[in-house]
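Scroll down for the structure; my scribbles are underneath it.
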Amino acid sequence: MTDQPWVAPGSERPHQPGQSPAPGQSPASGYPPAPAPAPAPTPPPAPGQPPSSATPPAYQVPPPAPAPGYRPPVMEFRPGVIPLRPLTLGDIYGAVVKTIRGNVAATMGLALVTTLVFLVPTTALGAWVASFESTDFEPDATGGEALPLVGTIAQYIPSFGTWLSTVLLTGIVAWVVGQAVMGRRVSAGQTWDGVRGRLPQVIGATLLTTALYTVAFVVIAALPVVAIVNAIQTKDDASIGIAIGAGLLGLLALLVVMFFLTTRLAFVTAVVVLERTAVVEAFRRSWRLTGGNQFWRIFGIRLLTSFIVGLAAQVVAVPLGIVTMVLAAGAGDLSRFYIWQAVVTGVTGLITGALTTPFTAGVDSLLYVDQRIRREGFDVQLVTAAQQSGAGTPTTGPTVR
């Protein structure tokens, strides 16, 4: 037996349960129609079934129940390279890579140009200064005769150029990241137009930060230096022991203070460029945003980033260092060695600056955005700004306070 009655060819098929009746017909009652043409007494409905005179409701099959522990995916609003929520380490690193790939000219292109501008003259100056080094490789030389002072100074001149280019690139990348968060791609020209008005503040903030680091170094190193000088003069075993202990404690204290200051002042450049504030206010903002329990998270991510970038830099620096030793081998004086050393230092700074500075500066900028999302509800402000401005026109960045 089948559930449906037989229908003669050409006749109208009887109404099926769950279907809407044809126009002009009344809805069928009960479950499947009885096979007999005459109505028969209807038995009482079984438990759990509706009365036969009631119209069956249009039930829908419910979706299958989710597996235990399943959570439906959360919809994220992502106008740009990051989801507008507190960021994870993977979010930050992935967004930096997306920003660089989506804005190659504005990141790596400007990084290459900037490092060339600063490193070409400083490398040439370092090589020229190194040419005045006249100290020879003399095994029996002592005292000042064995101190290659000129060559030592010369090899650090290109490093100064690298530092200057890094200062500028940090501000440039911060502005590009601010646009990428809003879903905008920018050219090198647009980036320069957006940053150049803030360069005096970026340079001022960098000089003030360097001054603070220098003061901290001098204050912490004063006691060990006094102890070492006293030990040299007295040549006493106790004084030497005190000098060694003071030196170790001073080194440990210096590391702690430097790690602390670099973390608390990590957002100064991002605040100067993206919030367009004064230098002193940028220091206050960075200090507030990096305080509390988030200090350790910021410190850990920046330390990991420095480790990764350092490994990448060594991949470039070690082969170039070997080349330097080969080129300077057999030289009877140090001038040739230090000339090559200055040149290699400049080339290394050029390559590593163009490759690694956009990454480190991008991480700091996204950490700044992440802290504003966590502390100030910045994600809500970014949603509003993205909806109002759209993704096509570059602006000064997420400056909403």
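Using the three backbone atoms N, Cα and C, a Cβ is placed for every residue, glycine included.
Taken from TrEMBL, the feature compositional bias 'Low complexity' applies to 16-29.
Per TrEMBL, compositional bias 'Pro residues' is recorded for 30-67.
What TrEMBL lists as transmembrane segment is 108-130 (among others).
The domain 'DUF7847' annotation in TrEMBL covers 148-357.
If you look up TrEMBL, you'll see 160-181 (among others) marked as transmembrane segment.
Among the features that TrEMBL reports, transmembrane segment is placed at 202-232 (among others).
Look at TrEMBL and you will find 238-261 (among others) tagged as transmembrane segment.
Remote same-chain residues near the transmembrane segment (303-331) are listed as 89, 259, 337, 340-341, 344, 347-348, 351-352, 355-356, 359-360, 363 (criterion: CB distance under 8 Å, separation of at least six residues from the stretch ends). The transmembrane segment feature in TrEMBL is assigned to 303-331 (among others).
Per TrEMBL, transmembrane segment is recorded for 337-369 (among others).
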For this session: Compute the average pLDDT of the predicted model within the domain 'DUF7847' (148-357).
Result: 88
For this session: Rank 108-130, 160-181, 337-369 by Cβ pairs under 8 Å to the transmembrane segment (202-232) and hand me the top one.
Result: 160-181
